[in-house]
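Database features (TrEMBL):
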| type | residues | note |
| --- | --- | --- |
| DOMAIN | 11-245 | domain 'NAD-dependent epimerase/dehydratase' |
| BINDING | G15, H16, S17, G18, M19, I20, G21, K145, H185 | NADP(+) binding site |
| SITE | S112 | site 'Important for catalytic activity' |
| SITE | C114 | site 'Important for catalytic activity' |
| ACT_SITE | Y141 | active site, proton donor/acceptor |
| BINDING | R193, W208, R215, D277 | substrate binding site |
Amino acid sequence: MSQRLSRHSRIYIAGHSGMIGSAFARHFTAAGFTDLILREHNQLELTDKLAVDAFFAEHRPEIVILAAGKVGGIVDNVSYPADFITRNLEIQANVIQSAHHHGVRRLVFFGSSCMYPRECPQPMAEDALLSGKPEMTSIAYAMAKLAGVHMCLAYNRQYGEQRFIPVIPNSVYGENDNFDPQSGHVLSALISRFHTAHKTQEPLTTLWGTGTPRREFLCADDLAAACHVLLEADLSTVELPINIGSGHDLSIRELAELISDVVGYRGDIAWDTQRPDGTLRKLLDSSRILELGWQPSISLEAGIRRTYASFLESSHA
């Protein structure tokens with residue numbers, strides 16, 4: 001049976017000012033939804049269990065997009081593991097429990113591809129989770145996300161419902177990303193670095209590693225469209241999370257060349273091979289979401305151009 005959403009459905013987007021949350025706000029607004037519930041951090045502290053439950057009791061959202069949480073690149077993950085695991089566990093537990101208690105129709109929870117084993121057959125299928133150790137540099141974040149995924153699945157199992165939908169997107173990028181070259185993820189950090197190098201006319205930019213690891217990237221706007229499909233799908237059972245990827249990967253070297261071209265940087269790119277490369281490949285098997293009729297619509301180059309344009313409009317430029 002179809003779960004088609006009414007354009008008057010009450011949709012709470014937790015973390016609406018972040019990269020993923022803002023993509024959902026844009027998507028639902030463009031699709032004609034009129035009752036989006038948005039709260040800034042200073043209006044609702046999601047680590048406060050009582051405040052979260054009172055919010056759900058008052059506003060009674062039908063749909064929840066749980067895009068709030070602590071995220072960051074390798075440097076932050078290594079430097080602040082306690083912050084990553086504690087804050088994410090608290091937010092996830094509070095929102096998911098309140099969603100259950102107050103009868104939310106469906107909730108989307110975002111896992112991460114870093115939950116998969118470091119040594120994992122490619123492309124990575126959902127049943128490979130917990131078959132080996134994740135990459136240790138992001139282990140605290142990965143464990144928090146794994147707990148959130150299995151909390152969703154546990155509620156589905158215990159109560160015989162399919163209300164909680166955990167998804168695993170791969171290397172999401174887009175507008176409102178963290179463009180800090182130290183704490184951001186690789187794509188947004190490279191945009192920032194090449195922009196600075198272009199402005200200052202640096203003749204050489206040095207990047208970590210060999211540039212050979214391959215990564216798959218997904219525009220946040222494509223992620224929002226995919227999750228809209230899931231929210232309206234007839235999911236007879238949700239016993240595993242659902243991968244959402246673009247289906248294409250490229251090397252970090254190729255990514256750097258593409259971004260430098262978009263930004264207009266004409267200097268040389270050097271690679272510090274004494275620095276670690278990280279996992280050699282991370283490509284998702286997204287066959288389950290593709291079978292539901294979703295297809296990514298934004299090419300990587302088009303997505304990078306869109307992201308760079310938003311970067312230029314921000315205070316970073």
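Each Cβ is built from the backbone N, Cα and C atoms, and glycine gets one as well.
Counted within 10 Å of its Cβ, the other Cβ atoms near R215 (substrate binding site) come to 21, all protein chains included. Among the recorded positions S17, M19, Y141, R193, W208, D277, the ones whose Cα sits within 10 Å of the Cα of C114 (site 'Important for catalytic activity') are Y141, in sequence order. If you draw a 10 Å sphere around the CB of M19 (NADP(+) binding site), it holds 22 other CB atoms from the protein chains shown. Of all residue pairs in G15, H16, S17, G18, M19, I20, G21, K145, H185, the annotated binders of NADP(+), the farthest apart have Cα atoms separated by 20 Å.
Each of the recorded positions S17, S112 was scored by other CB atoms within 10 A of its CB, and the lowest score goes to S17. Using a 10 Å Cβ-Cβ cutoff, Y141 (active site, proton donor/acceptor) registers 26 neighbours. Residues listed for substrate, R193, W208, R215, D277, cover a largest CA to CA span of 19 Å.
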